[in-house]
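Record features (TrEMBL):
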SIGNAL    B:1-30  signal peptide
DOMAIN    B:80-185  domain 'Plastocyanin-like'
BINDING   B:His120, B:His125, B:His160, B:Cys161, B:His171, B:Met176, B:His332  Cu cation binding site
DOMAIN    B:202-352  domain 'Plastocyanin-like'
Amino acid sequence: MTTDRFKNTGSVILPVMLLAGASFWLLQSLTAPQQAAGPALSAATYDATIEAPELITIPPRTFEYRDPARYIENELPQISPLVHAKVQTPLNVAKNLVTNAQYRQCVLDAYCPPAITIKTPIDDHPVVGINYEMAEKYAAWLSAKTGENWRLPTALEWAQFAGEKYDDPEKDIQSDPTNPAVAWLSEYRAKSKSKSTTPSQSLRPAGLFGANSLGINDVAENVWVWTSTCYERINVDATNSQSKAISCGARVVEGAHRTYLSVFISNPQGGGCTVGDPPDHLGIRLVKGGDKPDFFSFLRRLWPFGSSIKA
Amino acid sequence: MVTRRQTIFGALGTAAALTAVANLAPQALAADNIDEMPRKKVKLVPPPFVHEHEQVASGPPQVIQFEMTIQEKVWELDDEGTVTHAMTYDGTVPGPMMVVHEGDYVELTLINPETNELLHNIDFHASTGALGGGALTEVAPGEQVVLRFKATRPGTFVYHCAPGGSMIPWHVVSGMNGTIMVLPRDGLKDDKGNPLRYDQVFIIGEQDFYVPRDENGEYKTYETVSESFSDQIETMRGLIPTHVVFNGKKGALTGDNALKAKVGEKVLIVHSQANRDTRPHLIGGHGDYVWETGKFNNPPEKDLETWFIRGGSAGAAFYEFLQPGVYAYVNHNLIEAVELGATAHILVDGEWNDDLMKQVSAPGPITK
């Protein structure tokens, strides 16, 4: 295992974001690791009046992408490997975030719970105050209504359509194996730097932040989106043998920076122990079609260390 | 029908007359030799920092002159764009901290510019008489006043605006408060009388805000400060703040504005709350020596985890950083810290001490 691939780091964001709900999601993941997706879609059957969202097709492309799994090697936290991704199939992505007006139809259908927000939702604003389960339910509902396969993107797919808006979450992180504070401080400073250039939390009508170079609106602005990618920790010991723990009680959330959130969180807050930089708002971006690519088989293909990875 | 300004000035009454007397003949009320005492003009510095000062007085008592201009201004409370009409001493929430030594005279020029809408004054908890100076300092827009008082008791003390009736809490929860620190002439001491010297002072002014909401749950905005009065009083009477923040705004002391220190540095954290009880806590650190009530003639408490600041007081905590990292300094009502905003961050550089803490085994599979 080459050392320049793996730099030592401590993770700030991870403990930070998970602290609030750690006990809950741990419990959840232990008791129901493969929870089925919500109640039956009896209320949601095909309905020609429900319009499918406008689509943008992302052509096959090659990009750098940071593996969202957290790595520990010989008891030391590592910076996750940078993956050189070559995606050979096109991806259909909704041009806009799901709006309040769109989400409300699912609520009126008694299938989705209302978004958790104290402010009155404005029709053409992106829906926010959404936890993972709500996002999943909306995708299931829209699929039933349209007869198409709508789902949440994987973290990899998010990077694929984020284009130039994808910012390597760990590029400025320094580390020192004898001083974990070096990583904490550099991560804090890197995130604070980006904070000063991020837009305010005030929501704007969908599309108003404009499109990225691939034609997708409002990417990495003030609404973060849920991905279907589960939280994963990989331990590598001195003999190069691996063990991993996957918990789908927490998922990767993508936006101006990457974070990991417990699935029931709809309004993350900063402050307190949470010295990380939380998402401003949590919303939904959908992709269409295909089965979820098998992320792990994909990663195995890209894995720089070949056969050292066990399934 | 009376105009708004007349209504607001309605409470002036006798205090205004007293102000006039004090202005005309300040010397008559003063002690003998103040005219001959050395005088020093000090320019105030916005929190979280403090003007340069000696920790041990190098000479005899002096008259320390300060000047503050009251500014009523539209004030952003968070990064969601919530605004209120703040009332401020010198443009900041909290107002700047003044530092003098016991036995010095504080001489404050308080200016209320014509552009303001309201009557203001100042009540120094460190002073004696005249409602803390409040009765001698009422100034209408377009006026100024000069107050002098003797700093007789060493400690950290709140000052705030107190123009009478409902105006008192309204002005205080609109941001009109700050701290004066009266140091012992020979500086701070531990419980055994050994000197304590700090490398930095951080001023944390904790502020509760009560922003009214409309029927849709949106925060309301008002064109002028006086228009917000009746709604605000109603929200205040519910006693549940919408924001509890450090230094005027959620995030005022985090991110780019986080405080900075080094391992081995000694800091004095002065924490004021002019209206409501609070309980500061340094996550991952302690209070080595804490004057919870802020009064330096009492020995400091040692090794505290959390300390109590009574509403209407300022306390001081002395701490030497022993470990690098990102520290969160919070009101340990964690709902107020995380949900309402009462959090500051301190970035501490330096060498990690494995003896104090070490991750013996990283998170991994359960082995037994």
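Every residue gets a Cβ built from N, Cα and C, even glycine.
Here the structure is a predicted model, which means the values were calculated and not measured.
Mapped onto this structure are the features recorded in TrEMBL.
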{"residue": "B:His120", "record": "Cu cation binding site", "CB count, 10 Å": "25"}
{"residue": "B:His125", "record": "Cu cation binding site", "CB count, 10 Å": "21"}
{"residue": "B:His160", "record": "Cu cation binding site", "CB count, 10 Å": "27"}
{"residue": "B:Cys161", "record": "Cu cation binding site", "CB count, 10 Å": "29"}
{"residue": "B:His171", "record": "Cu cation binding site", "CB count, 10 Å": "23"}
{"residue": "B:Met176", "record": "Cu cation binding site", "CB count, 10 Å": "28"}
{"residue": "B:His332", "record": "Cu cation binding site", "CB count, 10 Å": "19"}
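B:His160 (Cu cation binding site) falls within a strand when secondary structure is assigned with DSSP. Applying DSSP to the domain 'Plastocyanin-like' (B:80-185) sorts its residues as follows: 14 helix, 45 strand, 47 coil. When secondary structure is read from DSSP and collapsed to three states, B:His332 (Cu cation binding site) falls in the coil class.
Per-residue pLDDT, averaged along the domain 'Plastocyanin-like' (B:202-352), amounts to 96 for this model.
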